[in-house]
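Working notes, beginning with the structure itself.
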């Protein structure tokens, strides 16, 4: 039996439609798209975001929280940028999205590169992209440590001793980086997935010998922190090369989904997409579909393309589990602090965390830029 | 009573907090983090036609003696994210999030509340709090080093700037002030409420002035009748100085309650709840908060400690320190001697007696009385149980308030401003 595909889709409003209708403010619009994706059996939907004024749209994490109770299985993956937002808030907001969705949250990591965004905050000048992605890596590190900072069984409700929690199972994270330091622990208990799924966008060019410093830093962040890479490649050959390279540098648990423009105005376009999805030797685990007109294209996906893929044994029937990690076949990670002991024994906890973590960002950057 | 028309009562529901008002040891106590608990309480409050559902915030876990305080409920979600999800399972009730103006930038605050207001059809409220403590600041890139005196300066300018962004909608905003120099525009049109409702809780003279100048609702701590009237008169009296009418600001103290079939039943239940709220360990922790010294070996069933409090102690972090610990200890010793109370009984006696105790008829009458006599415009009710702590109030007290003609039988408009009787603010 062939290996099954992992499929996801963007549900951003079509760029040209955003201005002439208030759909982008209507939660029902997003809920309808997510339900179509759910009917098609996709792993997750993404919703893009930034602090630029265009396109017109509400906060992406807020929007996906708003539709979480209106969907039941589909993973919900908003873009959250790390340049101007406090890492502590990013961590607890994604944690909370995981709670309100019953373990379906993910995070598409982004940075803010524009001067307009810097001025809207008025706190720092615009910075080079490699610096922003190194900072994004630090934000991902902080988010993950905060998610882990409560062990799963920290809440004990022990009436005999009057204790609600076992504080030995809560941990200071003591992160110190170039841009910020965070003490911890989180104010929010460990999320249902342990850690929400982290996705990083990577372009094939970021992996090339002549990649820009920003591209290299993005790859370093992906290798260090991503559960899912959304890979943008110009053609099949570039995709295969980039995916192979990514897999060599990261572990077995990375899911690589190739970004695929999926305008489906007619049956011929659907046939072409189906051919692309069923091709072998792609080097990737699946595809991230980017519709041109989300309602039309996701409906075609749910009604015709997904059933055809199922008939070919390339797409699972229904959802075998409840969480986004289940859909992606990713294990639920144990807390890095589990068994580390007393929360006041900060030095011990930090040393343990450092010892068991993957290489530091600095090391990873050095590897990529060597 | 004068012959002025009856004032309408405003009610809000506070999700039980991370303090010892919340009883987690009761078998009926459910999860404090799972979404179903939030859904249950918000839907119950909406069934009771409440004005809004309220979430508090704390950005660093409380500590006692250098360790995380473990005797109360610990842990909560990020407020705005939960409220966006609740917008999907409720239709009318207002959704209020406490968000710190010190550890958030105005552009992002404006955008997040504009998003909640759009995604909920005009039901968003922002409870503006400020912080200057380095303890909380250790979790944030901007740190905690804001002068105490600058807290309200920053908060006031944050609110003003957020309102500039809301008013501008998708038009550009340029702002130059003492705290912020920004230039930007939101990716959203003006919110359905014009400005999401602003709630404020500060009690100092500065806090009251800030409320009179800025807030739509004051979340006060004065649930006692006399103190409530004094606070109400003081804050409403400040409004004219800002060209505002008394109706444009609602004063809603936090209030706890215990119901029973009779007043005697309720009193008995209230005493049980107080004992559950003050476990032996919690009693010791309370004494340590005042004494500022380690009392781990002190017998909660024996008399108060004989040593005097350390007024300069940093034993307790992340909580408001009780002012004048030495004087407080003296008063407590006198009271314990007079009534023959053990340490634990003393703590039960001096802390957090419930605001309203009685049969549904008694509680409805008291609430109405407070409101008609201007001790409050309504209450933010704090149940002691999650998630069922409001069920009985909604089933038994709300109908009586409705019969008295002082509480809405149904919502009259879709937005929180409609519920609170606040006008749509003019666009500046």
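Placed from the backbone N, Cα and C atoms, the Cβ positions cover glycine too.
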Ask   = Which of these, B:31, B:37, B:187, B:204, does TrEMBL say binds FMN at the same site as B:98, B:152?
value = B:204
Inquiry  = Using a 10 Å cut-off on CB atoms, tell me which of the binding-site residues B:98, B:204 is the least crowded.
reply    = B:204
Remark   = Simplified to three states, DSSP reports residue B:204 (FMN binding site) as coil
Key: Maximal Cα-Cα distance (Å) across residues annotated as binding FMN, namely B:98, B:152, B:204   = 18
Task = Give the three-state DSSP assignment (helix, strand or coil) for residue B:152 (FMN binding site).
result = helix
